[in-house]
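*Asks:* Grabbed the feature section from TrEMBL, which reads as follows:
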DOMAIN    A:8-224  domain 'Tr-type G'
BINDING   A:GLY17, A:SER18, A:VAL19, A:ASP20, A:ASP21, A:GLY22, A:LYS23, A:SER24, A:ASP96, A:CYS97, A:PRO98, A:GLY99, A:HIS100  GTP binding site
BINDING   A:GLY453, A:LEU454, A:SER455, A:GLY456, A:SER457, A:GLY458, A:LYS459, A:SER460  ATP binding site
ACT_SITE  A:SER527  active site, phosphoserine intermediate
Amino acid sequence: MDGSTMSRGLLRVLTCGSVDDGKSTLIGRLLHDSQMIMDDTLAAITRDSRKHGTVGEEVDLALLVDGLEAERQQGITIDVAYRFFTTPRRSFIVADCPGHEQYTRNMATGASNSELAIILVDARKGLLTQTRRHSYICSLLGIRHVVLAVNKVDLVNFDQQVFDRIVGEYATFAAGLGFHTMVPIPVSGRFGDNVSTRSGNTPWYRGETLLEHLESVGVEEELTQIPFRFPVQWVNRPNQDFRGFSGTVASGAVAVGENIVVAASGVTSHVTRILGPAGDQKRAVAGEAVTICLADEVDVARGDVLAPIADRPAVADQLAAHLLWMDEEPMLPGRQYMMRIGNVWTSASVTSIKHRVDVTTLDHQSATRLSLNEIGLCNLSTAQRVAMDPYARNRLTGAFILVDRFTNRTSGCGMINFALRRATNVHHEHFLVDKAARATALHQKPMLLWFTGLSGSGKSTVAKLVEQALHRAGRHTYSLDGDNLRHGLNRDLGFTDQDRVENIRRVGEVAKLMVDAGLIVLASFISPFRAERQMVREMLGEGEFLEVFVDTPIEICMQRDVKGLYAKARRGEIANFTGVTSRYEPPGAADIVLDGGSSQPEALAQQVLEVVNRRLAAG
Amino acid sequence: MQPVQTQSLSPHLRRLEAEGIAIIRETVASFRNPVLLYSIGKDSSVVLHLAMKAFAPGRIPFPLLHIATGWDFRDMLEFRDRRAAQLGARLIVHTNPDGLASGIGPLTHGSQVHMDVMGTQALRQALDIGGYDAALGGARRDEEKARAKERVFSHRAPGHVWEPRGQRPELWGLYNTRIAPGETMRVFPISNWTEFDVWDYIAAEQIPVVPLYFAAERPMLRRSGALIMRDDDRMPLNEGEQIERMWVRFRTMGDWPLTGAHESRAQTMEEVLQELRLSRVSERHGRLIDNDQEASMERKKREGYF
């Protein structure tokens, strides 16, 4: 395995197919035929074949790759697994992706790092919904080379007509998917036909074997030919004499002496030194992990992107992207997520869903949310301006992930179509009369008291008492509640989850303006979701948001039922009623918790006033 | 210390090297208090080497942690101390004090109890004591089936528990490094390396490794089909057993009573590479703990074994 025989370098391959297409068996066959299976491992699976195997007395090669105990028992593969094999001509990393419908996210994961996809089709079944779904995801994630492995040809008597029909159908479907190569091969993973050796059973097939094709296919994206991008990962400053910016060159190349620009700030400089894994080097190209030193004391931090002055990435806080949702909790427009793009973490939300893509027909549908495994074209807004390229131009600077703010799950991934231009033209006005000036004129510290709790918990009652007391003390206040907002500003909103999110977002924005005006704002909303209450908290300044949880047991709320709503909800006359048919997430750490079940409203109001007065006194 | 200058890396190794360096930098950039789990074996020696490159001309900005079980090869301990001193790295050595007090050992308690108490539990203790939120390690996906699905950034719930369903999808190089208080991350910079890649890289970069990886004449004992090197006299000989001097080398490092050697004359790096090319036996074959039961690795991993 010396350097000369490894001329084609590394190929990252994705395998996808439906359950029972024989994917694990095919990979097992590739490993076996390329002699990557050691004697003791083979002995172990021969033993296991009798226990778990599905092919009688033969050695079940699928057992080479079906790893976890749980999935062996269930007979399915439940996660992306990586396999490694090497032939004299090339090294391979195979991402083995499960075919179950609910695991589209795993496919996307495997595809994001792969250059070629093997799409398996069972010769007996032909193209399935999953075949189309997987092909579309491969295309969306930027895979440009595909092998259509028509498997189990032994079970259709090595019939050329069956093969030709499947290939014809697939070619029609895949025509619009932008694949540069699509190579169909008739194979049998179980018996090895056309996997590593040409089969005598398919004399009509004159193409390469699967392994020959994998060894020879050229997939080199001309990463070095596209503009230089260097997302700064870490600032290396071990002492006063050295300051370098570490990271991996995402695309293009840079050399000592060349001019660069820091994308977001527009500051320019030139490269004085490049430090690579083996010391100083003159030049760095895509894929290399290096440390770059600049001539001037420019302000550069993790997350910044260095680029050529003449060919910069877009810098924006609005963008259009295909979003693939990977979380059981659906994506709701307006909800805040953490976005990682390059080395930047910023908060972001979807401002609109242009359409959802039906991944079977590729039709566009209207949508108000994205559920697990759904894909939509969306507009997003980020809290911070970030550098980006279209994904089709650059897979590394055009991709992002969205992370749930509470569970930290990776909830979605996105491929950027383009930055939205309006973002670059809108600048925030800096007023001379600011919040502090207005607050001083009113002799008070502005703040937002946010009352949350079930319908009938007593939120509005307590808020009214608090407002009266503040007013008597000469404070400038305003109350916001469903009554004065649902009939005006928010009258277009209903009570579905996504409308509730939007409702709270608007309330938050209005409250923020009022706090900016110097007022003490009291907002009473069921506001059932933690995420949105947190969003409002973050819209305001430090110490301006007080969360008041009116904690009244639902039984008592139902007993009170001032407006008769619980009765209606239980009769099924109101859909999405919090506590009955829609959930309420109690705050984990409210600033004030009121026991609405056992205390009188006056006492509860007093409890709130004590905290508010302390804050006002603190200045 | 400036790493050795080399020109001989294949494009494949250069790509793996760059990936490893990026992952190590990401760990330092994203976590408050990372640590490198230094097992003294070839894999963690490679990670250590990559870390030196990642932060040059500065020093490695995290300590090395070794879990000593009390049954480590003496050669390993010597090598460890010499290496840490050479690099000027901060070395932390932890042994489970409870296990030590109870006299837990592989010969008296069996390999499972020993590895659980002196390995897994000791590691958890050390991570808790240090308050580390990220631990870099040398695990590779090709080592064993249960590891093929391991993430590069592997999330651990409070108590260091690995939940298969709690693992996050990893797309592009956009790792999700966010954790809640009490949670930790295990990070594997050489996930995508094979055993051969590791040796190929060690040879090309001239990375120092424990001498036990090379063949020498050693005092050996045949027991239960394995070749054990009797490193001290705590292992009593059974009737009929005797110590033979044999030419052997080790393919993996571990506790000496649990690590089988194989007969070999491969004394140089090139001979080791040649032997690996021809080998028909997998790497973990010499590890007595893995053969305990089917799916044993997966179970150990859930419990927090590295």
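The backbone N, Cα and C atoms fix where each Cβ goes, glycine too.
The structure displayed is predicted, hence computed values, not measured ones.
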*Asks:* Judged by the number of other CB atoms within 10 angstroms, which among A:SER455, A:SER460, A:SER527 is the least packed of the recorded positions?
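*Replies:* Among the recorded positions A:SER455, A:SER460, A:SER527, the sparsest Cβ neighbourhood within 10 Å belongs to A:SER460.
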*Asks:* Rounded to an integer, what is the Cα-Cα distance in Å between A:GLY456 (ATP binding site) and A:ASP96 (GTP binding site)?
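*Replies:* About 53 Å separate the Cα atoms of these two residues.
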*Asks:* Can you give me the Cα-Cα distance between A:LYS23 (GTP binding site) and A:SER457 (ATP binding site) in Å, rounded to a whole number?
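*Replies:* Answer for this pair: 56 Å between alpha carbons.
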*Asks:* Specify the secondary structure state of A:ASP96 (GTP binding site) as given by DSSP, simplified to three classes.
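*Replies:* Once the DSSP labels are grouped into three classes, A:ASP96 (GTP binding site) ends up as strand.
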*Asks:* Just checking: which of A:GLY17, A:ASP21, A:SER527 have a Cα that is within 10 Å of the Cα of A:LEU454 (ATP binding site), counting only these recorded positions?
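*Replies:* Within 10 Å Cα-Cα: A:SER527.
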*Asks:* For A:LYS459 (ATP binding site), write down the residues of its own chain that are at least 6 apart in sequence and whose Cβ falls under 8 Å from its Cβ; none is a fine answer.
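*Replies:* The list for A:LYS459 (ATP binding site) reads A:PHE451, A:THR452, A:GLY453, A:ASP481, A:SER524, A:PHE525, A:ILE526, A:VAL550, given in order along the sequence.
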*Asks:* Report the residues of the chain - excluding A:GLY453, A:LEU454, A:SER455, A:GLY456, A:SER457, A:GLY458, A:LYS459, A:SER460 - with C-beta within 8 Å of the mean position of the site's C-beta atoms, for the recorded ATP site, in sequence order.
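*Replies:* Apart from the listed residues, the neighbours are A:SER524, A:ILE526, A:VAL550, A:THR552, A:CYS557, A:GLY596.
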*Asks:* Looking only at Cβ atoms, how many others are within 10 Å of the one on A:GLY453 (ATP binding site)?
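*Replies:* Other Cβ atoms found within 10 Å: 29.
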*Asks:* If you draw a 10 Å sphere around the Cβ of A:LEU454 (ATP binding site), how many other Cβ atoms fall inside it, taking every protein chain shown into account?
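*Replies:* I get 25 for this one.
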*Asks:* With every protein chain in view, how many other Cβ atoms are within 10 Å of the Cβ of A:GLY458 (ATP binding site)?
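*Replies:* Total other Cβ atoms inside 10 Å, all chains included: 25.
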*Asks:* CB neighbours of A:SER457 (ATP binding site) within 10 A?
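*Replies:* So the number of other Cβ atoms within 10 Å of A:SER457 (ATP binding site) is 27.
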*Asks:* Could you say whether, by DSSP, A:SER455 (ATP binding site) belongs to a helix, a strand or a coil region?
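*Replies:* It is coil.
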